[in-house]
Structures are given as structure tokens and as C-alpha cells.
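Feature annotation from TrEMBL assigns domain 'Electron transfer flavoprotein alpha/beta-subunit N-terminal' to B:4-183. Summarising the annotation, TrEMBL assigns FAD binding site to B:227-228, B:241-245, B:258-265, B:Asn279.
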Amino acid sequence: MKIVCLVKFISDVANFLYDYEKNVLVRENVKLILNPDDACALAFALEVKARRPDTFVEIVTMAPASVLPLVEDLLRRNADRAVIISDRLFSGSDTYVTSKIIARYLENTEYDIILTGTHSLDGDTSHVPSQVAELLKMEQMSNIVRVYDESLQGKTVIVEADTDKTISKYEIALPCILSIGKDSKYKLPFVRYKDLELDVNDRVSVIKNENLSFSEAEVGLQGSLTKVKRTFARKLQSKEKTVVCNDEEGIETVYNFLKSKGFV
Amino acid sequence: MKKSLIYLDEEDIQSSIDLLEAVRQIYRDECYETYAFCFNQPIEAAECKFNYVFSVRDNMLQGCDIVNLTNCLEELHRTYLFDSILIPASYQGRMLAPRLAMRLGVGLVADVTRIEYNDGELEMVRPAFSGKLFAGVTNKNCSPVMMSVRPNVFTYTSKHLKDTKIIPFHPVSLQPSKIKLLEAKEKERAKDIRESEILVSGGGGAAHHFDWLYQLADELNGMVSASRRVVDSGIAGRSIQVGQSGKTVSPRLYIALGIYGSLQHMEGLKNVESIISVNINRNAPICSLSDIVVEGDSKEFIEKLLTKIRNSKKNKDMEAER
């Protein structure tokens, strides 16, 4: 069977610095990482492949070509092929356009199932999996915590999803898009020592707009239906505050405050 | 007359109804009508609040069947031509909204937390980069304007009662479902931190003595919550996380112990009446939003405050006995 893993490389937001003087994000030297939920999705695909060697795992990502070393690292973990969809024309695309671009590539690709992550740490709109599914006319489900991979052999797949209030089990017709959640705890395998320097170059292809033939007006900032007008940091409003220490007087102040408000 | 449709999520009716406030902020003084989409559930909750309620009763339609829900909403839109469609950013809504936007060929803004106007143009504000930044997003001339709205951010308070008309809706666009619910297990639901009036919340500075927070919370009859840093390090569960990637809370009292107050955290605090923060760094961002700042160690603070509260109680009891 063939599994496509749709993944995204993001800026490592946890290590973002914010310049409170200038009110800007420090973007220099921010490295890219594989989005954690997407890593879970790929990890599951590689687990399936480990159990059933006839499984073919293809990684698809839309990204600047500079992600190549990161993609190569994933291939060394035993993925079979990687496709980087990358074109200058695509930069600035919103989720609507991004989904169209990815779906057009997938329309001409064979697969039995598509896996993605649920949330991304950067934009976190979760639009792309649902919108690609809409364009490919298939089901999509988010926040999946378990895939019963033995069920993958048939015409449907059985999954467990965390729906916020419940843990629910569903049967979904194949092909479909399963968006894996972080609580699934699927973990990427390490690169084996002997594969550290493995040449995987012949397993990566770059897809450009020549292959997908969008007009310039359909993609990028021009084709996008939403536009980020401005970004800003939230200005926090200061309160009149009392500053005290951890001494008798301080505790007395806190206690009296709690008492005056009826909390004790 | 503008027309706005709100999707009522069966799992969270109240948050869905609260989107009426977002609609009010979009149209302000303009004339507008509100429509609710309500399926396989009693419509009472929406009555007197919306102008119209589409009531759908069809056993073929299930909450997990996002494709057929999209079909229904598309069918309605083709008939009524809404100017805006708002969907709560719930588990279901977050799958439904993008699909519907693609179907209708319109832009979608996710997780909107604020409505603003800039030079007369509607701007939907949403957090980005885990709440480190906010983005004001506009829609390029497409109709309907579509957004998913973060629950617990808007509150509908109007006392004005509407004469709600019920419109029975019999969709013709349903197709055989490709998804089946086999089993649903309610999650063990400890009380939700969103329902607590008092939150004792711990951050990185309280990570090493997190257990102590429960004692203070018990004494105050509140609940314990945590910052992302504590949750990411595995000390507390995701369900009690406050912030952009956690929950938005509105307690009357928020005691922040060893919490720095990153933007992503502050985004999770809405309409909090009082904040007391305990921090060894009195210049931590959260301190500027606090009513009282205690400069010092959070464990020491808990110990001392507990003693104070318990002693006062004891004294009171003794007085009562006399």
C-alpha cells in the first residue's frame, strides 16, 4: 500500500525571541523544524512500513527548496520518496491557495491513504488537511490518537479520535485524510548509524509550477483570498498594582485582599 | 439587510450562541438578521436569540459527517446568500469551516479573537506563532465573509428578545455517508478549569513544587491550572493549560505562581477580575496586569498564605465557640 505524508516545516516557535523594545519578532537564526504533529503522522507511516515492508511511504511538503537537508534526514529514517513543492510564484499563498496547489499535485499521484498532522505550531489554522480533502472529494478527520493499522488492508480504516469531550472510534472509507494528533504518541525512529551519510538524493524530487501549471494570478499573494493586513504584539494594559514581599505584611495584604473580595 | 449564519455545534451550544456578539460587532449599526443552523437537537437554546433557526431533522445526518454538513450549509447558502458565516472553532467546527470555505470558494480566517475596523475595512484578528503575535486579516472582496471563532472569547449579553421563526429544512444534497461512528467514550471529565471561579495557576517558577498548588486551590475552593511550560515538561496535563494553545479562562481570581506571562499565556485570560502574581522577578510581564505582585518564591508564599488562612479560620471558630 502507498501512504502519502503531508508535512510542513515551521520556524521553531518555542525558541522565538521577542524584542519588546522594538515590538518585533527576532527572526534571525530561527531554525526550521518538522512540525511535531506531522512528525507523529510520518512516524505512524514508518511503523506500518516496518511491519509490512511492501508499504511505500512518500513525503510531500510545500516549502522553500532550502528544506532539502531536513527532507533528506527524514528519508534516511526509511521513507521511500520525498516531493518538495516549491516555486517562487507560490510564496505568500494563504491556506486556500496552498490547499489548491497541494491537491493538484496529489490528483495525479497514487495513494491509498494520506496522513497529516492536526495542528501546526506556526499558523495553526488546520485548514489545509480539510481543504485538500474537499478538493480530492474524500473524508478527513482531525486529532486522531490511534489508527488500527490492521484495518488498513480493507476498504475502510478504523481510527480513534480525541474530539475534546470524547474518545471516539470511527470507521472511514478509504482513501481518506487522517490528521494525527500529538497525543497519539507515535515517535519518529532515529536514523540508523550506517545510514547517517546515506545518499538519498535520487529519492527527492522538486515540483515546480511548470508541473502544476497555475496562472500567476491564481497563486501566491495574488491568488490568496485572505490578506494579513498587519501583525502586532498585544499591548498589555497595566493595572494599578501593589508590590509586596513574602513577609508578614505582604501575606497580610494578600489575605485582606482575598477577604475584601469574599474569596476567603 | 445583512444576513449572518451561525453554525450551532451540538457539543457546545452556548459558545455557538455567543458568536451573535461577533456578528453584532461586524455589522454594528447596520441592519442585519441572524440565522442559526441547528440539526437533530432541540432548538430551545436558540429561541428568542436569533431571527431565524433552520431546524434539520434527518437521521442520515451525523455530527461526524463533515461532508454532509458541508452539503447542507452550501445548499442553504445557495438559497439565502448569506453575507457572513460564523462557525465556532470547536473540534467539529475546525473541520467544517475550511471545507465549506473551499466549497464556496471564499477565504477563511481561523480562530478569530477580535473584530476590528481599519479604514472602514473589516479586520479579523487572530493569534499567530502560538500567540506571540497577532494578525489582522482581511477578506479579499469575497462573500460570504467566513470565520471560525475561538470559544469563550465573545459573550452574548443582549437582553433583547427576538421573535424567532423556525424554518424546517429538508436537505436534498445528502449523500451516503462514508464515515461511521462506532463508539464514543466520554472522557473522564474532571471539572473544567473554565468553570472555576478561582484558579491557582503554576508556571516554570512553580514547576518543582507543583503539588503545593493543589493545597492552596483546595483551601480556596478553586482549581489548579498551568502554563504551557509546565504542561510541555509533563508535570501537568494539557486539559488544565491556560493560553493560546490551551484554554481561555475567565475566573474571578487568578493566582499566578511563577508564571512569566508570555503573550501566548495572557491570550488565555479574558475578563479576569483580579490577578495576584507571585514571582521572583517583579518585572515579569504578568506583574504589570496584577492587582497585587508578591516578589518572592511561590512555595514560600503558598506555605505562608495557607498558614494565615487556616489560623484565621481557627480563630474564628474559637470565637464562635465562646
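Just so it is clear, glycine is given a Cβ too, placed from its N, Cα and C backbone atoms.
Feature annotations (TrEMBL) mapped to structure.
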residue  : record           : CB count, 10 Å
B:Ser227 : FAD binding site : 30
B:Gln241 : FAD binding site : 23
B:Gly243 : FAD binding site : 26
B:Ser245 : FAD binding site : 21
B:Ile259 : FAD binding site : 32
B:Gly261 : FAD binding site : 22
B:Leu263 : FAD binding site : 20
B:His265 : FAD binding site : 26
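With an 8 Å limit on C-beta distances, none of the binding-site residues from B:Gln241, B:Ile259, B:His265 reaches chain A. In the three-state DSSP classification, B:His265 (FAD binding site) falls within a helix. Looking just at the domain 'Electron transfer flavoprotein alpha/beta-subunit N-terminal' (B:4-183), the mean pLDDT is 93. In this structure, B:Ser227 (FAD binding site) belongs to neither helix nor strand by DSSP; it is coil.
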